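Taken verbatim from TrEMBL:
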DOMAIN    70-253  domain 'Major facilitator superfamily (MFS) profile'
TRANSMEM  20-42  transmembrane segment
TRANSMEM  70-95  transmembrane segment
TRANSMEM  107-125  transmembrane segment
TRANSMEM  137-157  transmembrane segment
TRANSMEM  163-185  transmembrane segment
TRANSMEM  197-221  transmembrane segment
TRANSMEM  227-247  transmembrane segment
């Protein structure tokens, strides 16, 4: 989340200062430095466990007693990234319509994208502790439902600061999802396949990161930019309803 906060801010502030192409070069240099640091500074001893014949024959999904809560968490992780990234293709054009001073469009667009990440940074630990007290399913359902409601006024804002504030509030609501997703998965899968399922969880989140901008660009181009927010709202509402059904049944069992 810290990268999701700093990236849009720097990406919005640097083009007016050093140019768009230089911003790409700088981003590539940072990624290359990260590659070097990972390659030469991280050391770990690999001691893979020796699987038994039964474990080798058993697939990851076959080892899970109840797959429905796990599948619900994969869908929820996808929706989280989908909601955050669906406005990415349209945000600059949307901000242009809200601002009179066009010289700060890239900066304000970056702030809009970073606002949700800032909200998530501030709320994730608190919502994680809240989930430990009242149950993870309540936090998950509440976060999805609140984010769905907050997407509606985003489609009708008239000032850039209103959009920034609403994205920040949505980030506050969504900040508890990742800790809850991980916790629910760990409680519903055996230890021997936990790593594989958590890998699927990350893959599902990347599906949302890919599908969000693609769907946002398509909907924005064909139906208007307001439809992007309203369509994402419907998806988040569906996610809340789906989790309510699945997690309620799991808790009853």
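Each residue, glycine too, has its Cβ placed from N, Cα and C.
Automatic, uncurated: that is what TrEMBL annotation is.
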Stretch winning on C-beta pairs under 8 A with the transmembrane segment (107-125) (pool: 20-42, 137-157, 163-185, 227-247) is 163-185
When only pairs 6 or more apart in sequence are counted, do the transmembrane segment (137-157) and the transmembrane segment (20-42) reach 3 or more Cβ pairs under 8 Å?
no
Mind looking up the mean pLDDT for the domain 'Major facilitator superfamily (MFS) profile' (70-253) in the predicted model?
88
Would you kindly list the residues that approach the transmembrane segment (20-42) from elsewhere in its chain, counting only those six or more residues past its ends and only Cβ-Cβ distances under 8 Å?
11, 14
